[in-house]
Every structure is written in structure tokens, then in C-alpha cells.
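Heads up, the thing below is written out as C-alpha cells.
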């Protein structure tokens, strides 16, 4: 298994994404748990949302340059849960500390709000399930 060339990732992304703000490595490579068949998970934040076709083409360029499958995520269009995973478990490869901190605070705030909303739904489901079980109804 080859060593990951972070400089190659940074250069290719900076050369191809206008107004790029942040680059993160996440998944198995950021945790040091990659294996022979692992893909490379990369997340980017730019001033504007990336076009899906352009993002796919860029992922293919990265895959060719790195000789590995690449999953390229645009954080502007990613789910709150995925953004939270990138911020809390990923490794920042490029960008300013200020941009990283602002994105992290925004993401964690949105994630906490989502968790609060989910909790109300979970509580309702649990209450309905318990009531059905108490009445002997099938779940």
C-alpha cells in the first residue's frame, strides 16, 4: 500500500476549484485504518457549490493521480451528519484555521439542532411502541 501524497491532493484541488476554502481527509485514511482496498475520502468547502459533473470529473483526476478510488464530497451540499463526521473525525489538509473553526462551529451547531429534532421523533416512536406492547398489539 502506497503512502498518501497529501501535497498532490492539495495542488490538484487548488488548481481546479475556484475560491477553495478547506480540504479535509476523512474516513479510513484520516484514522490510519486504511487497507489495500480502501478508497480515499476527501471533502472540500468552496465559496460556491460544486457542479456534480465537475466534481465527479475531479474525483476521477484525483483517482488517476493517486492510483486509488476517490470519494470527493462537496461540504456545501453534504448532509449535516456527514459534515459533522468530517469535522470531528477528519483531518484538515488545507485552509485557514479561521475557516476551519467557523465551519466546525456552524456544523456542530446544526448537528446539535438536528439531534434535538430527532430526539422528539424517537421519543414519540418509543412511546407508541411501548403503548402497543402494553395493549398486546403487534409491533
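Each residue, glycine too, has its Cβ placed from N, Cα and C.
What you see is a predicted model, and the numbers here were worked out from it, not measured in a lab.
Predicted-model confidence for the motif 'GSX(10)DXD motif' (27-41) is 96, expressed as mean pLDDT. Sequence annotations record features per position, and here Swiss-Prot assigns motif 'GSX(10)DXD motif' to 27-41 based on experimental evidence.
Per Swiss-Prot, Mg(2+) 1 binding site is recorded for 39, 41, 71, and the stated evidence type is experimental evidence. Sequence-distant contacts (6 or more apart, same chain, Cβ under 8 Å) of residue 41 (Mg(2+) 1 binding site) comprise 25, 26, 27, 28, 29, 30, 70, 71, 73. Taken residue by residue with DSSP, residue 41 (Mg(2+) 1 binding site) is part of a strand.
According to Swiss-Prot, the Mg(2+) 2 binding site annotation covers 39, 41.
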Set of same-chain residues at least 6 away whose C-beta sits under 8 angstroms from residue 39 (Mg(2+) 1 binding site): 27, 68, 69, 70, 71
Same-chain residues near the motif 'GSX(10)DXD motif' (27-41), Cβ under 8 Å, at least 6 residues beyond its ends: 1, 4, 9, 62, 66, 68-71, 73, 89-91
Remaining residues near the recorded Mg(2+) 1 site, that is with C-beta within 8 Å of the centroid of the site residues 39, 41, 71: 27, 38, 40, 42, 69, 70, 72
Residue 71 (Mg(2+) 1 binding site) - helix vs strand vs coil (DSSP): strand
